[in-house]
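Asks: Have a look at the structure that comes next, please.
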Amino acid sequence: MRAVLVLNAGSSSLKFALFALEPQLADHPALWGQIEGIGATPELSARTAGGERFSDEIQVSGGQTEQHRQSLNHLLDWLSAHNPNLDIVAAGHRVVHGGERYSAPVRLDEAVIAELDRLVPLAPLHQPHNLRAVRAVASLMPEVPQVACFDTAFHRSQSPLAQAFALPRALSAEGIKRYGFHGLSYDFVARQLPTIIGERAKGAVVIAHLGNGASMCALRDGKSVASTMGFTAVEGLMMGTRTGSLDPGVLLYLMEQKGMDAASLTRLLYKESGLLGVSGISQDMRTLLGSDAPEAAEAVALFCYRIARELGSLAAAAGGLDALVFTGGIGEHAAPVRAKVAAMSAWLGLSIDQTANAEGRVRIDSTGSRVAVAVVPTNEEAMIARYTMEALDGC
Ligand SMILES: Nc1ncnc2c1ncn2[C@@H]1O[C@H](COP(=O)(O)OP(=O)(O)O)[C@@H](O)[C@H]1O
Ligand SMILES: CC(=O)OP(=O)(O)O
Ligand SMILES: [Mg+2]
C-alpha cells in the first residue's frame with residue numbers, strides 16, 4: 001500500500017494516521033492511533049477503518065528525545081507488520097508555529113527545520129515536540145520527503161489591524177503580533193460548511209475549536225479575519241490547563257510580590273490553570289460534567305462564559321454573525337457546553353433546538369434562529385495529508 005504518514009507529536013504523545021494513495025489520496029485514514037506515555041511507559045493504540053483495534057506496549061530506554069525516536073521506530077515497524085508492502089511516500093507533520101514567513105505548507109529540509117526551531121519559545125508546549133518527530137523521521141527514513149503543515153498559516157489572511165498589539169512599533173516590527181492557531185482544524189471545517197449551511201458559509205462565521213487547547217476564529221468568505229489566540233497558544237479562551245487571556249498586571253504582580261520567574265509563570269499559564277486550575281479536579285470536560293462538586297460546575301461555567309464573551313467580540317470583528325460552528329472534542333461532544341453558550345448568545349438572534357443539540361445532530365439551530373448553528377467534527381490529520389500531497393506536487 002502506498003500511503004502518506006501523518007504525525008502530530010505532543011510532549012508525551014504521538015498521534016498518527018496512514019492515508020492510502022489509491023491512486024488518489026483517500027479522504028479517511030486506513031489506520032490511525034496514538035502512542036501515549038512517551039517518557040514513562042509508551043503504549044501504542046490503533047484502529048483500522050475496518051473497526052479492528054490494537055494495543056501494544058513499547059520497550060524504550062534513555063531520555064525523552066531518544067524515547068520519541070524509539071517510539072517512532074517501533075511505530076514504523078508495527079505499521080509495516082500490519083500492512084504488508086507498505087510504502088510510505090511522504091510524511092506530513094502538524095507544526096504549530098510557522099511564524100511570519102509561512103502562509104502555506106512547506107517541504108522540510110535542514111534550513112527550514114533550523115528556522116522553525118527558532119520559533120520554539122513561541123509555542124513551548126508544541127513546537128519542540130513537532131520538530132522532534134520531524135528529526136526522528138529524517139533519521140529513520142531519510143529518503144521520505146517531509147512536509148510541515150502549520151496551525152498559524154490559515155490566519156495569515158488577517159488584516160494588519162487584526163494582528164496588531166498596541167506595542168511600540170519596533171517590537172511589532174520584530175514580529176511580536178497575533179498569529180492565531182488551530183488553522184488546520186479551521187480550514188478543514190470551513191471547507192465542509194457550504195454543504196452544511198449553504199450561502200451563509202460566505203458570510204460572517206465563527207468556528208469554536210474546543211479541545212484541550214481551545215480557540216475561536218471569525219471568518220468572512222471562508223477566510224480567517226480574527227481569532228482569539230494570538231502570539232502564543234495561551235491567549236483567548238480558558239482551556240484544559242491554560243489560562244487564556246489574563247490581565248498582564250497579574251503577571252507583574254506575581255513576579256514582584258511572589259518572586260515568580262519565567263519558568264514558574266510558564267508552568268502556571270500553560271499547565272496548572274484552565275479547567276484543571278479552576279476546578280482543582282480535572283482538565284477533562286467529561287470528568288467535570290460528570291462531577292457533583294461545585295468547583296467543577298464553576299470551571300464549566302467560566303469556560304462557557306469566556307466563549308460567549310469572545311463570540312460577541314468576534315461577531316464585531318466579522319461585522320455580524322451568520323453562523324456559529326462547534327468543533328474539537330468538547331465542541332463535538334459536550335451538549336451542555338453548547339447549550340450554555342447558546343443561552344448566553346440569545347442577544348445575537350441565536351437559539352438552538354435542545355433535542356437536536358442533545359442528539360448531536362449536524363444542524364442544531366431552532367427554526368426561529370437568525371443564526372445557523374452547526375456541529376462539525378474536525379479532522380486535522382486529513383487536512384495534513386491533503387496539504388502534504390499538494391506541497392509535494394509542486395516540487
Ligand atoms: N463525550 C464527551 N463529552 C464531553 N467532553 C468530551 C467528550 N469527549 C471528549 N470530550 C472532551 O474533549 C476534550 C479533548 O478534546 P480533543 O479535541 O480530543 O483534544 P486535543 O486538543 O488533545 O486533540 C477533553 O476535555 C474531553 O473531556
Ligand atoms: C495550538 C494548540 O493549542 O493546540 P492543541 O489544541 O493541540 O493543544
Ligand atoms: Mg485536537
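One-based numbering along the chain as shown.
Placement of Cβ uses the backbone N, Cα and C atoms for every residue, glycine included.
TrEMBL entries are annotated by machine, without manual review.
Sharing the record's features from TrEMBL:
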type	residues	note
BINDING	Asn8, Glu380	Mg(2+) binding site
BINDING	Lys15, His209, Leu210, Gly211, Asn212, Gly213, Asp284, Met285, Arg286, Gly329, Ile330, Gly331, Glu332, His333	ATP binding site
BINDING	Arg94	substrate binding site
ACT_SITE	Asp151	active site, proton donor/acceptor
SITE	His182	site 'Transition state stabilizer'
SITE	Arg242	site 'Transition state stabilizer'
Asks: Quick test of your reading of the structure: among the binding-site residues Asn8, Lys15, Leu210, Asn212, Arg286, Ile330, whose CB sits under 6 A from ligand 2?
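Replies: Checked binding-site residues vs ligand 2; flagged Asn212.
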Asks: Please list, in sequence order, those recorded positions from Asn212, Arg242, Asp284, Ile330 with the Cβ less than 6 Å from ligand 1.
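Replies: Among Asn212, Arg242, Asp284, Ile330, near ligand 1: Asn212, Asp284, Ile330.
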Asks: Using Cα coordinates, what distance in whole Å links Asn212 (ATP binding site) and Arg242 (site 'Transition state stabilizer')?
Replies: 9
Asks: Per residue, counting other C-beta atoms within 10 angstroms of the C-beta, which of the recorded positions Lys15, Arg242, Arg286 reaches the highest number?
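Replies: Max Cβ neighbours within 10 Å, all protein chains included: Arg242.
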Asks: Show which residues of the chain containing Asp284 (ATP binding site), separated from it by at least 6 in sequence, have their CB under 8 Å from its CB.
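Replies: The list for Asp284 (ATP binding site) reads Gly240, Leu275, given in order along the sequence.
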Asks: Sort out the sequence-distant neighbours of Glu380 (Mg(2+) binding site) for me: same chain, 6+ apart, CB within less than 8 Å of its CB, listed by position.
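Replies: Looking at Cβ-Cβ distances below 8 Å from Glu380 (Mg(2+) binding site), excluding near sequence neighbours, one finds Asn8, Arg94, Leu184, Ser185, Phe188.
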Asks: May I ask which residues of the same chain, at least 6 positions away in sequence, place their Cβ under 8 angstroms from the Cβ of Glu332 (ATP binding site)?
Replies: Phe326, Gly360, Val375, Val376, Pro377, Thr378
Asks: Which of Asn8, Asn212 has the fewest nearby Cβ atoms, counting only those within 10 Å, among these binding-site residues?
Replies: Asn212
Asks: Among the recorded positions Lys15, Asp151, Arg242, Arg286, Ile330, whose Cα is within 10 A of the Cα of His182 (site 'Transition state stabilizer')?
Replies: Asp151
Asks: So which of the binding-site residues is most packed in, judged by how many other Cβ atoms lie within 10 Å of its Cβ, out of Leu210, Ile330?
Replies: Leu210
